[in-house]
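For reference, the structure discussed in these notes is given below.
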Amino acid sequence: MNDLLPDLCDHYEQDVRWLPLVLNDYGGKKIFYGEVVTLRCFEDNSLVRDIVSQDGTGKVLFIDGHASYNGALLGDQLALLAVKNGWQGIVINGTARDVGTLATLDLGVKALGTCPYKTVKRQTGDMNVTMTVAHTMIYPGDYLYADLNGILLSKQSLDLSVL
């Protein structure tokens, strides 16, 4: 299957929310889904390391970086750590770096763009909070479905076997 979202929209139209945000695909995994873990941070990715160091089996990290282009919230080292710990994907309302390497990893990565600079490390940010991105509410525990068509969110896990 190359396109998941159109089929989900056709079958679960009343159960999904579209995230109207144009993101670039940088990871090696083009279709990914899982339970959402949220992080709100601004130009500081130290909490990203804390989160991807934990078991991420069946989970997707959604980072609201306030659309800043001043420092990458994800690079190759954190992405490798995420893969090692079973994360399905990382979505960034902000930037990533080392995208040549990210493209080789078994991890979904979507971001606004790239920035070659690293962020500062102040241990600031808010984990597992409700966020608003592109006029869309994103809740910890939501389920996120992503492919090259974009991102859908749902309050519950969707049965993909019906597609």
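A Cβ is built for glycine as well, from the same backbone N, Cα and C atoms used for every other residue.
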Same-site residue for substrate (record: Swiss-Prot; known: Gly75, Asp76, Gln77, Leu78; options: Arg40, Arg97): Arg97
Remaining residues near the recorded substrate site, that is with C-beta within 8 Å of the centroid of the site residues Gly75, Asp76, Gln77, Leu78, Arg97: Ala72, Leu74, Ala79, Leu80, Ala96, Asp98, Thr101, Leu102
Cβ neighbours of Arg97 (substrate binding site) where a neighbour is any other Cβ within 10 Å: 22
Most crowded position, judged by CB atoms within 10 A, among Asp76, Asp98 as binding-site residues: Asp98
Cα-Cα distance linking Asp98 (divalent metal cation binding site) and Asp76 (substrate binding site), given in Å to the nearest integer: 6
Residues Gly75, Asp76, Gln77, Leu78, Arg97 [recorded substrate binders]: greatest CA to CA distance in Å: 11
